[in-house]
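Here's the structure we're looking at; comments come further down.
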Amino acid sequence: MNVILCSSNMLKGLYDISGVEVGQHLYWQIGGFQVHAQVLITSWVVIAILLGSVTVAVRNPQTIPTNGQNFFEYVLEFIRDLSKTQIGEEYGPWVPFIGTMFLFIFVSNWSGALLPWKLIELPHGELAAPTNDINTTVALALPTSVAYFYAGLTKKGLGYFGKYIQPTPILLPINILEDFTKPLSLSFRLFGNILADELVVVVLVSLVPLVVPIPVMFLGLFTSGIQALIFATLAAAYIGESMEGHH
């Protein structure tokens, strides 16, 4: 009973995280919900960039790929290799999910450094990378949790829950908490790194000449790409773990 109560509190805490705010926000009222307008605007921009670039690159696919098509085929091959390494031979159905997570996070992270969001003035707050907001990272982490539960239940049925008493039933509470802390770690890791990177650049730009922060900005681009890779790798690893039943 205590384990169930603790798990319930963990889920409630994860939901409450969406109320965390850093700075001012512009709010939109959609139905009965109040949403952060900055996150929606920048997320739509990122999605438009992804859809537009893919459409332009592969609208006339060639047998021998060139330019944009060649680039996206390389990206697809990279994501397939990543999924196969972490999930195993049954990786195929999960490539679109892992690829979507990786590309959205990667472009979102880079948009914070490369796009001139600050030039767009809002009544309240300012635009920034979508992953700069905890709501976005939680929204990315929760489907990942659903995905690895779904993968395990689809592969093993109710026998999937047997992993919680392995290697001994004494570890039942810890094994349950482990699954509920995975989305927490995914969301906070991504949010914290992207927010910290943008704050460091803003502080340096305000304190020293423009040329000095440039190396830090390049480092930020590198770490932003690494964060996207880490998120996608962990998501694939969790799915593979739930299907194999080992840690």
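Note that Cβ sites are derived from N, Cα and C of the backbone, with glycine treated the same way.
As written in Swiss-Prot, here are the features:
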TRANSMEM  38-58  transmembrane segment
TRANSMEM  95-115  transmembrane segment
TRANSMEM  134-154  transmembrane segment
TRANSMEM  199-219  transmembrane segment
TRANSMEM  220-240  transmembrane segment
Stretch of maximal Cβ-Cβ contact with the transmembrane segment (220-240) [cut-off: under 8 Å; candidates 38-58, 95-115, 134-154]: 95-115
Distal contacts, the transmembrane segment (38-58) - CB-CB under 8 A, six or more residues away: 25-26, 28, 67-69, 71-72, 103-104, 107-108, 111, 115, 117, 122, 125-130, 133, 135-136
